[in-house]
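Copied over from TrEMBL, here are the features:
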type	residues	note
BINDING	GLU135, HIS140, ASP173, ASP192	S-adenosyl-L-methionine binding site
DOMAIN	9-63	domain 'TR61B FKBP-like'
Amino acid sequence: ARRSGPFRAGELALAEVRRKHNSTLKLLCRLAAEAVLSSPGGVLPHRDIIGRLPGQVLRTSDGKRLLLRRPSLDEYVLLMPRGPTIAYPKDISALLMMMDIHPGDTVLETGSGSGAMSLFLSRAVGPKGRVLSYEVREDHHNLAKKNYRHWRSAWEIGHVDKWPDNVEFILKDISTAAADLKSVALDAVVLDMLNPQCALPVVHPSLKQGGVCAVYLANITQVIDLLDRIRSCKLPFLCERIIEVTHRSCDAAETNHSVPYIARPSHWQEAHSAFLTKLRKFGPLLS
């Protein structure tokens, strides 16, 4: 449950600044008594935020208005420090639906990256679930762990309940992890890596019959290569869906005419990010 009280030191706060063309700049900070929030419209000492209720508008040193509130998880992953490009929340939502994640599930992720997918999986499987997150690069591995810990520690200050400590970050090439997975039963798998076909022979023995392996790939030729490897190696997967998630943002602005508002597509739109492929593991044909 979310705390209904004021901001406290150590929490994450999100400041919204209105800009031209009805756009909004979002600034994320971790509150500390001696720190200041810097924005294009001036600075605001954190001590002026701590003790106030979220949802209030405060003024910077230059008189600009800032709306202060607690960030959502999707806002945090878009604003947290990044190494590699993150999986965007719009795609993560679709991947979670593809895998049909339930509380208590055990899920394997390859490509920890900056930790975005790990955080959403952590919430989806809950305190009784488990996430195994493999990463081959040490800098990405360390960043994903740092972002995960940062969110958890801030969450526990701003919320009554604790965020589950259910993600195991593993610095290892998934193609060499067959022995590690022998005793693990996986409810679902998500692959976010350059060559996911290298991981399939390793993870499929641990994936439950009927379980889903969701794959995140930047271009369609990678998807074709993946499906060709499944066919040539006779791996037990059926391709159920290949989708691209697109959002079209619109702005509504006040006018001085008889029609009080006018709506039009936003000047800035989210472009292509990835192709999402849903593979389902099947068993041998019954005689």
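Heads up, the Cβ atoms here are built off N, Cα and C, so glycines get one too.
Note that this is a predicted model, so its numbers are computed, not measured.
Between the listed binding-site residues, namely GLU135, ASP173, ASP192, the fewest other CB atoms within 10 angstroms of a CB are found at ASP173.
Binding-site extent for S-adenosyl-L-methionine: residues GLU135, HIS140, ASP173, ASP192, maximum pairwise Cα distance 13 Å (rounded to the nearest whole number). The Cβ centroid of GLU135, HIS140, ASP173, ASP192 marks the S-adenosyl-L-methionine site; residues of that chain outside this set whose Cβ lies within 8 Å of it are THR110, GLY111, SER112, GLY113, TYR134, VAL136, ARG137, HIS141, ILE174, MET193, given in sequence order. In sequence order, GLY83, PRO84, SER112, GLY113, SER114 are the residues near HIS140 (S-adenosyl-L-methionine binding site), counting only same-chain partners six or more apart with C-beta under 8 A. Across the domain 'TR61B FKBP-like' (9-63), the model assigns an average pLDDT of 91. According to DSSP, the secondary structure content of the domain 'TR61B FKBP-like' (9-63) in residues is 6 helix, 26 strand, 23 coil.
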